[in-house]
């Protein structure tokens, strides 16, 4: 343990002398208050420390003690349904200790040391095990089975394994290694947050992460193990999009990081999630969620840690063979924390004052996502999908954080303030956004939902692009100057926008749409467009076409409950065909 003394305090940055034996990224305890900090720069025996708690009142001469270990998180039963701060201190436990206002210098363990968990072994004495092998299971919540794994670097034969109720620190198994050492295994592991957890092999994504949000699943889908960014100006709905994805994405585990955003937004999550039911299991959404709250009024340095803490917890569940979705809201606040610390370290600034290493830090974060073959002899697969919100000032997508993010991610959902002001939510601009997973996911949907999905999707995008071109003409000469065919295109685009892409996050049916219902809705809206073209060719007037009674039913189709989709949509399709045929027959006479 290395001990030094403070020589300078500058906001969250503390400089200490006499730290020659300390190492980069060691956790230190600063002053008599024992504040948690991390060494981020070394010059001889001088260490620059970013402190994760309030530094007011600190002064030169106070002691700094290095623990000799990097910033690590505790991984084991008790993570699910919990809410932590950026350095994995449980906020519920802290509230019990000091009340609602967090005071500094609190030392509390992340996992409850007194709670007993029912451990059921899945291996027996004499079995050979290697790092990553599942040796037992704990039913953590009614829907999450926590798999206890052999820690990294341990390999050998099971010498002893127990069954029953244990705390996370009690030994549940003993492994005799090849060097004849006896290693105790408990239900808890520790892992340094800045180092990605190892896996055997990285695989390309092969299936969609179904979110239930029509504009995402249909036009700009995200794959399990993929990376996406949601940039947008203030008030365009980034947080609601993130909440919707956290609620309805078909992942087994959701890790939600509130990094430098408003405290009220985390309150919304805490209030809504326990009341909402998971469409797959019918259980509360909190039973599969881990929350990390690092709101804008908490110390800046802890924002950087919160992103890594969340990613490490997500990787741990991925290693069990689960599909995990990680939401980071917002990576811009994290980048601002990097900029502040870089400025205090007097480093050479890059573009707009951000440090020159901004791009590499963002890449380190996003590259930890992916679909992998986990460590262990059973060859199980896990997937970690990362979705980061970006808050560019004034909605300027050319600023450094957005540009650095765009170089890394494969799905871009660009939020548009003009759509938000028109009350069109989710305000994802269909002309700016893109997804590079279309080929993989199109193939999966063609095999599992319908073969004409890709045709419907490409026709939808074509109609929306044609609408953007026609809008310019309409502004100049008015809609009446257009040909009937162009007017039909405009009407179809309006129907796609208002009846399909627009989705009410607060309506109990419309908030989530299954892939089958999305396919039926799109087929119905485009069915009107295709039939309308035939009717126009047969001489039907555009006015008669627009006044068809079935059009109101098409507009209300999104409110059809999931269990009535096939019967209700078959009826509407039948009505549409009958009414179009009646118009054509009338013209022929």
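Glycine too: its Cβ is placed from the backbone N, Cα and C atoms.
As recorded in Swiss-Prot, the features of this protein are as follows:
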BINDING   232, 233, 234, 235, 236, 237, 238, 239  ATP binding site
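Sequence-ordered, the extra residues of this chain that approach the ATP site, with Cβ no more than 8 Å from the Cβ center of 232, 233, 234, 235, 236, 237, 238, 239, are 391, 415, 417, 420, 427. Put plainly, the binding-site residues 232, 233, 237 were compared by Cβ crowding within 10 Å, and the winner is 232. Summary: among the binding-site residues (236, 239), the fewest other C-beta atoms within 10 A of the C-beta are counted at 239.
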